[in-house]
Amino acid sequence: MKNTDKAAVEARKAVRSEWFERAARLGFVANGILHAMLGFLTLNVALARGGDADQSGAMRTLSAQPGGEILIWICFLGCLLLAVWSLAQAIVPSQKGLGFIVKQAGTGVVFAAIGTTFGSYALGAGKDSSQQSTSISATLMSSPAGSVALIIAGLVVIGVGIYFIYSGVARKFTKSLRRPSSATVQRTLMILGTAGYVAKGLTLAALGLLIVVSTAQHDPEDSTGLDGALKAVRDQPFGSFALIAIAVGLMAYAVFLFMRSRYDEMKQGAGL
C-alpha cells in the first residue's frame, strides 16, 4: 500500500512538473495554427476562391508555406504533449472529482485527434477529408443502424456547437484563464474568446446539421464534412456574409488560442 501511495505521489509530481506543463502549452499553439488555416480557407469559400475548408485543406495550405513541413511536425508534437498531459491529469489520483476527470479525458482525446491530423499528414498518410467523409457516410447509410448512428453523431456535433456558442456568450472560457495584469490584454482575451467560441460553435452546428439532413435524405454525396457544410451555408441568402463573419471568428479563436498558451492556468487542467 505504501509503495502504491509513493508511486501515486511521484506520478503527480511528474504530471505537474513545470517543464511538462510548459511543453503541453504547445498544444494550444498548434490548435491555433489549425484554426487560423481553417479561418483563411473559410474566407476563400465565402469569396468563391476555391480550396477545401477542412482539415486536409488546412494541412495542404500550411505545408505549402516556407518551413510548413517542419511546423506541422512541431504542431503534432505540441498536440501529443497536451493530449498526454490532459490524459495524465485524468488518470493520476487526485481529489478533483468525476467532473474534472471527464473534462480532462475529453480534452486529451480531442487533442489526440488533432495531433493525429497533423501526424498523418506529416507522414504522408493524409486523405482528402471530404472524400473520406463521403465514403464513411455511404458505408454507414447502407444499413438502418448506421443511419441512426450518423443522425446521433450529427446531433452530438450540433450539441457541441451549441455548447461552444453558450461558452462564448457566457464567457465560460475565462474560468481556466489567469487574469492578465494589463486591462487591455484582459479585454482582448474576452473579445477574441467570445467571438472565437461563437464562430466555432456556429461552424460545428452547421456541420452537424449537414450530417443529419444528408442522412435523413439518404444522400452520402451531400455529407462532405466541414467543407460541404460551409459551402451549403454560402449558398443560402446572405450566406457569403455569414461565412465571412465565421472566418473572422475562427481567426479570432486562433489568436485567442495563441494567447491561451500563455494565460491558461493549467492548474485546473487544460480546457478546449
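Placed from the backbone N, Cα and C atoms, the Cβ positions cover glycine too.
Automated prediction, rather than curation, is the source of TrEMBL annotations.
For 26-91 (among others), the entry in TrEMBL reads domain 'DUF1206'. Taken together, the residues of the domain 'DUF1206' (26-91) have an average pLDDT of 82.
Positions annotated as domain 'DUF1206' by TrEMBL: 104-170 (among others).
Positions annotated as domain 'DUF1206' by TrEMBL: 195-264 (among others). Look at the domain 'DUF1206' (195-264): DSSP puts its residues at 60 helix, 1 strand, 9 coil.
Under the heading transmembrane segment, TrEMBL lists 26-50 (among others). Within the chain carrying the transmembrane segment (26-50), a Cβ under 8 angstroms from the stretch's Cβ atoms is held by residues 57-59, 61-62, 71, 74-83, 85, 111, 114-115, 117-118, 196, 200, 203, 226-227, 230-231, 234, 240-241, 243-244, 246-251, 253-258, 260-261, 264, 270, all 6 or more beyond its ends.
Among the features that TrEMBL reports, transmembrane segment is placed at 70-88 (among others). For the transmembrane segment (70-88), the residues of the chain that approach it from at least six positions outside its boundaries are 11, 14-15, 20-21, 23-31, 33-34, 59, 62-63, 104-105, 107-109, 111-112, 114-115, 118-119, 121-122, 269-270, judged by C-beta separation under 8 angstroms.
According to TrEMBL, the feature transmembrane segment maps to 100-124 (among others).
The feature transmembrane segment is assigned by TrEMBL to 144-169 (among others).
Same-chain residues lying 6+ beyond the ends of the transmembrane segment (189-213) with a Cβ under 8 Å from its Cβ atoms: 35, 42, 137, 150-151, 153-169, 171, 173-174, 177, 180, 222-226, 228-230, 232-233, 245-250, 252-257, 259, 263. TrEMBL lists 189-213 (among others) with the feature transmembrane segment.
Feature annotation from TrEMBL assigns transmembrane segment to 238-259 (among others). Counting same-chain residues at least six beyond the ends of the transmembrane segment (238-259), those with a Cβ under 8 angstroms from any Cβ of the stretch are 28-29, 31-36, 38-40, 42-43, 45-48, 185, 188-189, 191-193, 195-200, 202-203, 230.
A Cβ distance under 8 Å defines the sequence-distant neighbours of the transmembrane segment (144-169), meaning residues of its chain 6+ beyond its ends; these are 137, 193-198, 200-212, 215-216, 218, 223. Taking H, G and I as helix, E and B as strand and the rest as coil, DSSP gives the domain 'DUF1206' (26-91) the counts 54 helix, 0 strand, 12 coil.
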